[in-house]
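Before any comments, here is the structure.
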Amino acid sequence: MIEHLATGAGLAFFLFGLFVFFSAVLGLFRFDYVLNRMHAAAVGDSLGIFCVLIGLMLLHGWSLSAAKTLLIFVFLWLTSPVASHLVAEMEVATVPDIHKECEVEER
Amino acid sequence: MSKKIDETSGWLQRFAAWVDGDREPPDRTLLVMERRPHRDFRPTEEEFERREKDRLRKFFNWYPIAATVICVVMAAILLTTVMNMPGFGDEDNPINNEVSERYLEHGAEETGSENVVTAMIIGYRGFDTLGESCVLFLAVAAVMILLLRDEKNTTGRELHQLEREEAGAREHADLILQQVAKVLTPFIFLFAIYVLLNGETSPGGGFSGGTILGAGVILFSAAFGVQRTQRFMNRRTYSVVRTFGLMLYAVLYGIYIFIGANGLPNHLAGMILLIDLAVGLVVACTMYGFYALFSRGEI
């Protein structure tokens, strides 16, 4: 029973992750401003990868590979937001009239 | 073209002018067909724009159709090729010949490496890999020739601007990047060393490990700036490490070939490991060298 439950949950996670990735790629190609595109890519890299990897771990059960998957996922969660942050910061620093594009918090 | 051709100019000049298509006065024309007046059709601005728009619209009408047709044709060609290929893992595939059989059966004992891929790359086909390492080495040398800064190709203004940029980067250091780099860099280096040293027995080896090592150095350099990177990686160290890697490889493989290649495997049990290390050093230096040279022109 519990195995079926885990498989079902894993499948659900996996499919949701695929959907998130699909929408992320769609956004990456359809949006035209860099911050919007960065947002789309970051969604794929954080939520999408989370759902796909959790789904894989649930589908395959606990093993050494699952532990490595967890490590990969920690690594991606550490690095992907930083990359997005750097892209956004570069955009804010180089575009002179950033206030026209979006709200900027004064620091 | 603007040269005036008249009666007094020599025949050579006139011939050259004729070849160039310069205009001559019609009564002096020699061997030239009768000229029609040039049709100087110069459309107005709006006309031009309208025609351009028209052309674009036509193009965008046809573009999806053409793209679809091309994609479908390409996919059909590739799929037909795949269907006609021998099945995956078939016994009588052309790849199952005596060469791969030899590699698989005797690779471990002849080269001392459990990992067949490493045995092939560094044992059997070591010269090929040596050539690749040389290509990387030469690539960095070529980029250095083009981009390296010294007093002869840098003006004071450029230096001043560079210094200002660096000072700005130091003042507004990115806290988020620095914190993450502080956490991650040791693990990246650890993983790189693991991959480098485990190439003998598991997937990995010089190229992948060296790439990870170079990426770690690049991350450190991007997060903490040039000064702190130059504490352990200045130009002198860089050159020494790079040259040492290639020399180590060349010398080891030379010895290996000289004492009979696959006849004496046990004399050089650690050879694969050392060569992996040498390749890793060269690759890491190439990665970091490209980054440093392209971003600020010095190492």
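Even glycines carry a Cβ here, placed using N, Cα and C.
Residues or ranges marked as transmembrane segment by TrEMBL: B:60-83 (among others).
What TrEMBL lists as domain 'MrpA C-terminal/MbhE' is B:77-149.
Residues 242, 245-246, 249-250, 253, 278-279, 282-283, 285-286, 289-290, 293-294, 297-299 of the same chain, all 6+ positions outside the transmembrane segment (B:130-148), place their C-beta atoms under 8 angstroms from a C-beta of that stretch. Per TrEMBL, transmembrane segment is recorded for B:130-148 (among others).
According to TrEMBL, the domain 'Na+/H+ antiporter MnhB subunit-related protein' annotation covers B:176-287.
If one looks beyond the transmembrane segment (B:180-197) by at least 6 residues along the same chain, the residues whose Cβ comes under 8 Å of a Cβ in the stretch are 204-206, 208-210, 212-213, 215-216, 219-220, 222-224, 273, 276-277, 280, 284. Under the heading transmembrane segment, TrEMBL lists B:180-197 (among others).
Sequence-distant contacts of the transmembrane segment (B:209-226) (same chain, at least 6 residues past either end, Cβ-Cβ under 8 Å): 166, 169-170, 173-174, 177-178, 180-182, 184-185, 188-189, 191-197, 199, 233, 276, 279-288, 291-292, 296. Positions annotated as transmembrane segment by TrEMBL: B:209-226 (among others).
Nonlocal intrachain contacts for the transmembrane segment (B:238-259), taken as residues 6+ away from its ends with a CB within less than 8 angstroms of a stretch CB, comprise 126-127, 129-130, 133-134, 137, 140, 267-268, 271, 274-275, 277-282, 285-286, 288-289, 299. According to TrEMBL, the feature transmembrane segment maps to B:238-259 (among others).
Taken from TrEMBL, the feature transmembrane segment applies to B:271-294 (among others). Residues 111-113, 118-119, 122-123, 126, 129, 133, 136-137, 139-140, 143-144, 147-148, 192, 196-197, 199-200, 205-207, 209-211, 213-215, 217-218, 221, 233, 238, 241-242, 244-246, 248-249, 252-253, 256 of the same chain, all 6+ positions outside the transmembrane segment (B:271-294), place their C-beta atoms under 8 angstroms from a C-beta of that stretch.
Note on the domain 'MrpA C-terminal/MbhE' (B:77-149): DSSP counts are 53 helix, 0 strand, 20 coil.
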